[in-house]
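Okay, so here's the structure we're looking at.
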Amino acid sequence: MGILNKIFGTYSERELRRVNPIVNKIEALDEKMQSLKDEDFKLKTEEFKSRLEKGEKLDDILPEAFALVREAAHRTIGLKHYREQLIGGVVLHQGRIGEMKTGEGKTLVATLPAYVNALTGKGVHIVTVNDYLAKRDRDLMAPVYEFLGLKVGVILHNLNNEERQEAYGSDITYGTNSEFGFDYLRDNMVVYKEERVQRKLNFSIVDEVDSILIDEARTPLIISGQGEKSTEFYKVADYFTKSLIAEKDFTIDEKANSAMLTDEGVNKAENFFKVDNYADAENMEIQHHVVQALKANYVMKKDKDYMIKDGEILIVDEFTGRAMEGRRYSDGLHQAIEAKEGVRVERESKTLATITYQNYFRMYNKLSGMTGTAQTEENEFREIYGLDVIVIPTHEPIARIDNADVVYKSEKGKFKAIVDEIVERYKKGQPMLVGTVSIEKSEMLSSMLKKKGVPHQVLNAKYHEKEAEIISHAGEYGMVTIATNMAGRGTDIKLTKEAEEAGGLMIIGTERHESRRIDNQLRGRSGRQGDPGESRFFVSLEDDLMRIFGSERIQGIVDKLGLAEDEAIESKMVSSAIESAQKKVEGNNFDIRKTLLQYDDVINKQREIIYKQRSEVLEGEDLKDQIRDMIRDVVYTAVNSHISGVEEEFETELQNLVNYLEDICLPKALVKVKDISNLSDEEIKEKLLEAVENIYSRKEKEIGEEQIREIERVILLRVVDTKWMDHIDDMDHLKQGIGLRAYRQQDPVQAYQFEGSEMFEEMIYNIKVDTVRYLFHVEVEKAPEREKVAKETSTNYDEDSVKKQPIKKENRIGRNDMCPCGSGKKYKNCCGRMA
């Protein structure tokens with residue numbers, strides 16, 4: 001590949017040759033745009049819209065539209081897109097990922113494709129990683145769009161429904177990945193179409209695309225309500241797990257981040273929980289709690305994976321180092337950690353709706369993204385999202401010097417060398433950003449520097465409120481900043497003149513991350529827009545990456561050389577061995593994400609079917625035919641499943657059939673067994689269907705055509721939602737136990753697909769049965785007022801949590817009132833359970 005690239009250029013270079021002629025056309029229009037009056041800009045926007053309506057394509061108007069945005073930006077915010085930014089804009093418009101280094105002006109680049117694609121009137125979403133950046137970018141760029149006659153909105157998590165509808169109705173909408181995803185889920189839980197906020201998903205530009213589409217890919221967005229399970233079992237499992245002996249009773253697999261009981265551990269579990277066979281399916285609950293307790297006690301590390309704040313367990317994001325308030329581990333792991341640390345164990349929640357970022361973003365008609373580091377994950381972007389990565393050239397050549405890694409035998413020797421390096425450079429006044437992998441390591445390094453008398457600032461999850469302030473000082477003369485991986489993405493480190501003269505920002509990596517991309521992000525904090533700078537990583541053979549994934553060859557070389565603790569080796573062979581260890585981990589993580597996607601695709605297809613049907617019910621005025629079909633299906637299926645064809649059983653089967661239908665849709669004693677015992681199966685179906693349809697027709701007349709249609713809609717939506725929530729739970733339980741199928745020589749993914757699809761079909765049938773049952777029992781005295789439904793929500797795993805929305809109701813029914821559906825039960829024990 002290397003030789004071919006030298007002859008033909010890299011893929012990015014070849015693609016850029018195709019983009020250059022378009023950029024030449026844009027630049028050639030510069031003079032024409034400068035001659036326009038201010039009021040002409042809005043008129044040009046109207047002209048473009050009219051040309052599109054007449055059949056021109058976006059690509060036809062692109063050069064002129066880009067040139068117009070370029071001039072508008074110059075007049076409103078004093079910034080003019082330079083050539084490389086125009087290239088970036090074209091790449092994004094083409095639905096690709098543009099790799100643009102830190103400080104290259106990604107926020108400004110997004111205005112180009114956003115404007116062009118907004119001309120279709122279908123909306124553009126610009127996605128950032130947090131509320132602060134969404135609002136900042138909207139405020140910075142709004143003058144450009146408004147000068148061109150477009151409306152700009154921003155979605156923040158404290159907005160109400162009307163404000164969200166207005167923001168989504170804008171031509172261009174800024175917001176965070178979690179807000180866009182949660183709004184999609186909530187839109188598919190409403191009972192009235194007027195409550196939906198989003199339009200169809202058209203075009204999305206994702207900033208920090210690697211962070212959202214890869215690091216967060218395994219993170220499901222979850223809207224949940226309070227679960228019913230007790231939390232006591234977590235404490236029992238924790239007590240049992242703490243009594244176990246490592247290696248003897250359980251083993252830890254650091255590569256897979258998991259722990260498993262040995263045969264001896266299984267014996268102990270059987271004695272402790274008083275069960276005969278621990279592996280039995282009926283003991284799945286015990287297995288689940290023990291697995292999570294093992295992981296909590298022996299795999300998850302305090303101040304690395306999570307921290308305790310005010311008696312609450314907060315997850316620490318492994319990629320950014322930020323504490324993620326409002327986010328909880330799923331599958332009971334969070335409760336297991338709470339039991340381990342002796343804080344209050346919260347109840348497990350019940351999932352009401354869920355989707356992964358992978359599947360949410362794949363729903364857009366066109367998707368594009370920007371980041372400083374994407375090339376290392378190019379295969380994943382292409383395979384999962386169908387996106388290719390184009391490296392955009394920098395405006396100024398990169399002047400940063402990237403030194404080779406230095407490798408030490410022990411962690412102690414490595415940290416001593418790091419402190420010596422910091423002291424040396426501090427004397428020269430060179431600013432330094434020191435990247436650590438955990439809160440614990442950043443605090444250890446901080447105390448070592450204090451002993452040496454080196455003043456410094458610390459940025460980790462414990463001090464994240466001061467993040468913007470700390471980063472704003474990081475480029476000053478003599479400033480030493482210790483940061484976990486968070487390192488303030490989205491905020492540039494600007495150098496003072498004295499700092500520039502002292503050599504620019506020095507990046508010191510105290511450990512290699514599992515992902516080369518995270519290392520590149522740290523490096524990329526230095527050398528922005530041609531600034532001077534330097535970087536170096538310090539590695540020890542005791543680091544997690546080297547210990548778990550490193551090759552024995554390096555250990556062999558170090559042993560042969562007989563290195564002392566504070567001696568280092570620096571060689572290409574060592575650097576390439578580190579890189580191959582990282583590639584191994586990246587490949588491993590990619591495979592995990594791919595497998596998870598295969599599982600998620602099963603429920604995703606089911607979600608699409610349910611949400612599509614739900615949307616049709618919301619939009620449709622008349623469900624009469626659909627309800628009649630349901631009634632027929634319920635009656636026919638009941639006959640088929642009750643009558644076996646065995647003559648001796650016939651009378652009993654008919655009695656069971658009549659009893660079954662009386663529970664759903666037949667009044668008592670309307671149909672007697674003797675009336676149908678001489679009929680064929682087909683005649684029985686017709687006779688029963690006729691009886692049931694006549695009853696429903698009478699009900700229609702009693703209640704009134706308009707009212708019954710509204711009741712059908714509300715009941716069907718309620719039943720669909722209830723059954724879908726239960727189905728999500730069932731699929732979750734199926735997935736938890738499916739891994740064991742490998743022991744039976746079964747492919748777990750195929751087993752999950754097969755059984756999941758059977759469960760889905762069963763759910764669809766149960767939706768029909770319950771809908772018919774509720775409709776036949778409903779009795780209404782007067783026209784029902786419309787109910788506004790907002791579900792109880794809690795967040796997934798994002799730092800900006802979704803707050804609970806109050807349930808607003810009109811004409812509220814008391815919990816102990818009789819249910820209006822006519823079942824004779826109290827409201828709380830009947831339809832109230834679904835509300």
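Glycine residues also receive a Cβ, built from the backbone N, Cα and C atoms like all the rest.
When secondary structure is read from DSSP and collapsed to three states, GLY103 (ATP binding site) falls in the coil class. According to Swiss-Prot, the ATP binding site annotation covers GLN85, GLY103, GLU104, GLY105, LYS106, THR107, ASP492.
What Swiss-Prot lists as Zn(2+) binding site is CYS819, CYS821, CYS830, CYS831.
Taking the Cβ of GLY103 (ATP binding site) as centre and 10 Å as the limit, one finds 20 other Cβ atoms among all the protein chains shown. Taking the binding-site residues GLU104, ASP492 in turn and counting surrounding C-beta atoms within 10 angstroms, the largest count is reached at GLU104. Cβ packing within 10 Å was compared across the binding-site residues GLN85, THR107, and the lowest neighbour count falls to THR107.
Secondary structure at ASP492 (ATP binding site), taken from DSSP and collapsed to helix, strand or coil, is coil.
Sequence-distant contacts (6 or more apart, same chain, Cβ under 8 Å) of GLY105 (ATP binding site) comprise LEU79, HIS81, GLN85.
Same-chain residues that are not part of GLN85, GLY103, GLU104, GLY105, LYS106, THR107, ASP492 yet have a Cβ within 8 Å of the Cβ center of the ATP site turn out to be MET100, THR102, LEU108, VAL109.
Note: LYS106 (ATP binding site) has non-local neighbours GLY88, MET100, ASP207, MET370, i.e. same-chain residues 6+ apart with C-beta under 8 A of its own C-beta.
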